[in-house]
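Undergrad: So Swiss-Prot lists these for the protein:
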TRANSMEM  13-33  transmembrane segment
TRANSMEM  38-58  transmembrane segment
TRANSMEM  70-90  transmembrane segment
Amino acid sequence: MRALKMNSISVSVTHGLIFSTLLFVISVAGIIINRRNILILLMSIELMLLAVNTNFLIFANMHQQAMGGVFVFFIMAVAAAETAIGLAIVVAIFRKRKTIDLSKLNTLRG
C-alpha cells in the first residue's frame, strides 16, 4: 500500500479514496434527498466536484504526475464560474418570485 506524504502526514491511497468516495456519496445523497432547495443542490454539486478533485490529486500523487494538479485547477475555475452564475440566477429568481423552492418554480411564466 502506497502512502501519500504531505508535510510529515502519511495518508494511504486507500484512505484517500475512501474519503473521496464518501464525499461523492454525501453529495449524491444531498441531491436525491433534497430536491426542493436550489442552494442545497448547488452545494451538493460543489461537493461532488470536490470529490472528483480529490481523486485527481490522489491518483496524480500516486503516479507522480503533475497533470492531476493541472486538471484540478481547471475544474476549480469551472466550479467557481458555475457557482457565481448559479448564485446570480438564484438571487434573480428570489427577487422575482420571493422563493427558492423548486416545487413552486416549475411553471414557465414570462
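Yeah, the Cβs are placed from backbone N, Cα and C, and that goes for glycine too.
Help me picture these features in the structure, burial and contacts included.
TA: Beyond the ends of the transmembrane segment (38-58), by six or more residues, the same chain brings 4, 13, 16-17, 19-21, 23-24, 26-28, 30-31, 68-69, 71-72, 75-76, 79, 82-83, 86-87, 90, 93, 100, 102 to within a C-beta distance below 8 angstroms of the stretch.
Beyond the ends of the transmembrane segment (70-90), by six or more residues, the same chain brings 38-39, 42, 45-46, 49, 52-53, 56-57, 60, 100 to within a C-beta distance below 8 angstroms of the stretch.
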